[in-house]
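Remarks on the structure that follows.
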Amino acid sequence: MNILLLGAPGSGKGTQSEFLCEKNNYIHLSTGDLFRKNIGNETELGVLAKSYINKGILVPDEVTNKMVEEYLKDNSDNVIFDGYPRNVEQAKELDKMLNSINKMLNCVVYLDIDDSVLIDRIVNRVVCPVCKRSYHLINRKPKVANKCDFDNADLQSREDDKLDKVSKRLETYNNQTKPLIDFYKDRLIKINANNKKPIEVYKDIIEALKK
Ligand code: ADP
């Protein structure tokens with residue numbers, strides 16, 4: 001089964017992807033992580049992507065679609081799509097790509113969360129550059145300050161998580177990504193992600209997926 005996790009920046013898509021992959025047989029496709037890997041390796045794609053990401057806007061569709069198409073050549077079953085599709089054009093393209101290999105996006109889990117909590121979550125987020133797990137400086141601290149619990153790497157803040165970038169990212173989400181809620185209404189599962197621990201959100205997702 002292929003699942004899309006849909007939700008605003010900071011809604012918990014990455015964290016829920018971690019749970020779904022650790023506890024089940026899923027593979028995590030995060031276009032954000034793929035771009036950041038390319039940025040870290042200073043590839044041509046990375047240099048291009050960085051100029052968009054640091055402005056809080058989307059990387060052009062043709063670039064992103066091509067990257068996903070490459071990824072799907074090796075992995076097209078039990079994929080958790082995190083951060084892709086991010087607009088209706090990408091959603092149509094993904095349908096085409098999956099169709100051509102007799103696969104489909106089976107369900108869309110929408111993490112519904114109030115705008116008021118998002119900014120706090122994003123500016124307090126630190127991530128492990130090695131395993132990509134994310135932490136919150138107040139609510140989900142690592143066991144040892146500034147070190148990843150799993151591989152002891154130094155945790156980092158994302159450049160685009162700085163306060164001055166966040167409002168543009170939320171605007172991009174509201175204008176371009178939110179219309180996907182309607183686009184996918186035939187396969188949408190809405191999960192309330194407010195005021196709940198990540199593990200509780202995860203349990204709600206698993207319950208909903210059983211139905
Ligand atoms: P978040 O969900 O917290 O915003 P991501 O790691 O998913 O973070 O994405 C970071 C940035 O990478 C986005 O703001 C955007 O610039 C770029 N990006 C990620 N996925 C896509 C996509 N599907 N299409 C275009 N740009 C993308």
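Our numbering is plain: 1 for the first residue shown, then up by one each step along the chain.
In case you wondered, yes, glycine gets a Cβ from its N, Cα and C as well.
Whatever TrEMBL says is automated annotation, not expert-curated.
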Out of Arg140, Arg169, which is the one TrEMBL records at the AMP site of Thr31, Arg36, Ile57, Leu58, Val59, Gly83, Tyr84, Pro85, Arg86, Gln90, Arg158? Arg169
Go through the binding-site residues Tyr84, Asp151, Arg158 and pull out the ones with a Cβ less than 6 angstroms from some atom of ligand 1. Tyr84
Residues near Val59 (AMP binding site) in space but at least six apart in sequence (CB under 8 A): Phe35, Leu48, Ala49, Tyr52, Ile53
Find the one among the binding-site residues Ile57, Tyr84, Arg125 whose C-alpha lies closest to that of Asp151 (Zn(2+) binding site). Arg125
